[in-house]
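Visitor: I have a structure I would like to understand better, so I am pasting it below and will then ask my questions one at a time.
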Amino acid sequence: MDKLDKQISTPLLALKLPLPIFEYLLSIPGNFFGSCSFTVVTCPALIAICLDGKIHWNHWYALVGMLVVCNLAIWLHVLSPDNKKSSSSRFAKKLFYGPLVSAMSPLIGIALLKYAPPTSSISNNARQMGYFQMCAWSIGVIPASILKPFVARQRPATWINHEENATTNDNKIKMLQKAAREKHISVLPKLFSKDAAVSMASGDAAGAMACMYPLIFVHESSNQAKILAWICVCLSCVGRVYWFAHHVGDVLAGVITSFFACWILQHILCDETTCLIQWWDPLVAHGLLLVTAIVTRLMTKQRVFHSGTMRVEDKHIKDK
């Protein structure tokens, strides 16, 4: 199965988009669904706005717009190849992926939804869907967080540059090594290679499925919204394979496990017509995720607060 998965993944791993702008655009769905600063703060508000179907030009919408711009600005700073060792770049990574931000994000996301003026911003039903999406993301990525340390599968970015492959005569390995070097955003394969044995399953793909689940399966959304949601999930999966973070099987495993986790959550929190979710439910769901991540890392003898792509890369820089 491993050999077949690598064979299926090879065409996408070897692909190079023609212009840098296409890679920058793909990097957004390819990486944002693994960041709490987006999935638990900005995304629930965007889901609520999408389901509400109305645009009100007021301070709340301006705040959501500013959060989107901030997420994009921080991500562009993370991608900059010229300042990857600078203190500002490390700070940007902590804002995007850091454990403190991850722990605090639900409080910010809840406040953003709870205190949106109900008469001039979003309906109560849309607000409920925002809360559900926060719960869905936390619950949806739990299976992936359990599988990662126990399966311990090597990322493509790691095994193509493994010592035994460094001087290989295998043309396929050489092709993939060249493809990783020649990506327009070559910093991402290098970044993922430092966080090696966490390929199965993809947490970002699981997060994408969880974030889009309310649009696709819970709320009676328009066909356009459902199509857009599926496009986001597919682009997230493509982006994870394109930058050597995962194999095709890894992203499929992330999507499938997340779907079933969200399906169970839906049947717990929702009936046939409504979802009655309290504002503290996302805190409970996020607490379950944090406990699961801590316990699995302790069981596999990993450093609890020094795992994850960005934190491993920061440690690598400090050790040099």
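Our numbering is plain: 1 for the first residue shown, then up by one each step along the chain.
The backbone N, Cα and C atoms fix where each Cβ goes, and this holds for glycine too.
From TrEMBL, for reference:
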DOMAIN    141-267  domain 'Phosphatidic acid phosphatase type 2/haloperoxidase'
TRANSMEM  21-47  transmembrane segment
TRANSMEM  59-79  transmembrane segment
TRANSMEM  95-116  transmembrane segment
TRANSMEM  128-147  transmembrane segment
TRANSMEM  227-245  transmembrane segment
TRANSMEM  251-270  transmembrane segment
TRANSMEM  282-300  transmembrane segment
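How about a rundown of where these features are and what they're close to?
Guide: Residues 24, 27-28, 31-32, 35, 37-38, 41-42, 45-46, 49, 88-89, 92-93, 95-96, 112, 116-117, 120-121, 185, 187-188, 310 of the same chain, all 6+ positions outside the transmembrane segment (59-79), place their C-beta atoms under 8 angstroms from a C-beta of that stretch.
Taking Cβ pairs closer than 8 Å, the transmembrane segment (95-116) reaches residues 34-37, 40-41, 44-45, 48, 60, 63-64, 67, 71, 74-75, 78, 122, 127, 130-131, 134, 138, 279-280, 282-283, 286, 290, 305, 308-311 in its own chain, all 6 or more past its ends.
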Visitor: Is the transmembrane segment (251-270) in contact with the transmembrane segment (21-47), using at least 3 Cβ pairs under 8 Å (sequence separation of 6 or more) as the test?
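Guide: Contact absent: fewer than 3 Cβ pairs fall under 8 Å.
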Visitor: Determine how many residues of the domain 'Phosphatidic acid phosphatase type 2/haloperoxidase' (141-267) DSSP places in helix, in strand and in coil.
Guide: 91 helix, 0 strand, 36 coil
